[in-house]
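The structure's right below; bear with me while I get my questions together.
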Amino acid sequence: MKKIVVLLGMLLAPWFSSAVQAKGEAGEFDYYAMALSWSPEHCAIKPADRDQCSRQLGFVLHGLWPQYQRGYPSSCTRERLDPAMEQEFAGLYPSRFLYRHEWEKHGTCSGLSQHDFHQLASDLRQKREDPGRLSVSCRAAAQKPLPAQGGSGQCQRLAGPGQHHGGLRRRWRFLREVYICLNKEGTDAVTCSDEMQKRELPSCGQPDFLLRTVR
């Protein structure tokens, strides 16, 4: 069984906003990071997102992101999203905006066709309940902490057994996202890059985090 590496990052701003972006070549990357957002936290930050926040959702797919060991490629081609993808993979994302945004910014760097990229994302999303195959990085964005072991315990139940690093940054401790790191084929777990783990370390040194309820 693959080890699960859980990082609790309590950032209000997205982790990847401070990572290094590069134009990149389609298909040239090191691994995938699949981001699963905890919808109640997203909606607490962006309540105007009616597509997502008008429904009682838990974990939702934010995206499947090609990654380098340092940084990540972005917008590798100018290929626009085929509207048919929204119909063929209905429900893959919680909002229509994400279909276009995720394909054009991240999917174009996968080296896959639109159908194959969305199929891979769909397959991996469905396998999130089988964490034994995955390496996970949890990110949280905070107000009333769970007990000292509550945060790690909650994340462990979400992600499965393994190694844990928990924490906060800028006093924000609500669970926001879980990152699942996989090889380029999406078949096996890989350890999230040293850069990713180091960047989350200031957040991940604390023993608890908060989890908003689904309403």
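These residue numbers are counts, starting from 1, taken along the chain as shown.
Backbone N, Cα and C atoms are what each Cβ position is placed from, and that goes for glycine too.
From Swiss-Prot, here are the annotated features:
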- 1-22: signal peptide (SIGNAL)
- His62: active site (ACT_SITE)
- Glu102: active site (ACT_SITE)
- His106: active site (ACT_SITE)
- 144-166: region 'Disordered' (REGION)
Report the same-chain neighbours of His106 (active site): residues 6+ apart in sequence with Cβ closer than 8 Å to its Cβ, ordered by sequence.
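Once residues fewer than 6 apart are set aside, His106 (active site) is near Gly63, Leu64, Trp65, Pro66, Ser74.
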Do any residues at least six apart in sequence from His62 (active site), in the same chain, have a Cβ closer than 8 Å to its Cβ, and if so which, in order?
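Residues satisfying the criterion: Ala35, Leu36, Ser37, Leu98, Glu102, Glu177.
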Tally every other Cβ atom lying within 10 Å of the Cβ atom of Glu102 (active site).
23
Going by DSSP, is Glu102 (active site) part of a helix, a strand, or coil?
helix
